[in-house]
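**Q** Before we start, here is the structure in question, set down as structure tokens.
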Amino acid sequence: MENKEEDVKVGANKFSERQPLGTAAQGDKDYKEPPPAPLFEPGELKSWSFYRAGIAEFVATFLFLYITILTVMGVNRSSSKCSSVGIQGIAWSFGGMIFALVYCTAGISGGHINPAVTFGLFLARKLSLTRAVFYIIMQVLGAIAGAGVVKGFEGNARYELFKGGANFVNSGYTKGDGLGAEIVGTFVLVYTVFSATDAKRNARDSHVPILAPLPIGFAVFLVHLATIPITGTGINPARSLGAAIIYNRDHAWDDQWIFWVGPFIGAALAALYHQIVIRAIPFKARA
């Protein structure tokens, strides 16, 4: 009996109690919370990396508008949806381009390509106000350039006939419907961005391989499938403004506020949810 009790003690020390599945790596020893970005960082203005990141945002948003608006124009000019890629193809072009462009630019600028994403990350203190404003300006300029090139290819008559890929609330829906669709759609996108790029989650779940651009692009694809019939899907104020400026018709401008207010509200809600509920940062600070 004594030998059996000794065996039990040795076994207990040798084989420690297992934690529930999925919680084994939840300790904070491999992760250190980075300090919040300063509100203003004048030193950035003297750094080449700052301007390089802005140029990357410009080029990425330019390419994003160029490919996606051309896809929209191609679907609209087809005599039958069956002879084109259809709504699913449009959704894939938006999601696929975000996947590719975030992959290309994430290491340079963070791969925002969207003022709503930039705004959400700014609220979470992931970047300074200086950088956020610069990114948004470059994103809008890139979107205008991309839509302008598409208009040059298509010609004025055809571009206007197919409404230039501009966003507006479709008939049968109210402006409230459009605003709600933009808020929820942007929430899905920005929440996915926060989750896919969370450094603590990557440290905790290092055994789960994840390629951040993939879920972000897939979120864009799914939101487009759901909301193209309502608003044509904005969830990106630069995309909506760039197309509206080049198209320049009243019905695009009448609804333009929806494609800024909605995404910014959705981004703010996603930032608050992730930082306060998921990460519980304010409660940790008190502790």
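Cβ coordinates come from backbone N, Cα and C, glycine included.
Found this in TrEMBL, in case it helps:
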type	residues	note
REGION	1-34	region 'Disordered'
TRANSMEM	50-69	transmembrane segment
TRANSMEM	90-113	transmembrane segment
TRANSMEM	133-153	transmembrane segment
TRANSMEM	210-230	transmembrane segment
TRANSMEM	257-278	transmembrane segment
**Q** Which range wins on Cβ pairs under 8 Å with the transmembrane segment (210-230): 50-69, 90-113, 133-153?
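**A** Checked against 50-69, 90-113, 133-153; highest Cβ contact count belongs to 90-113.
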**Q** Hey, which bits of the same chain come close to the transmembrane segment (50-69), Cβ under 8 Å, at least six residues off its ends?
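**A** Here the qualifying positions are 44, 90, 93-94, 97-98, 101, 104-105, 108-113, 131, 134-135, 137-143, 145-147, 149-150, 164-165, 238-239, 242-243.
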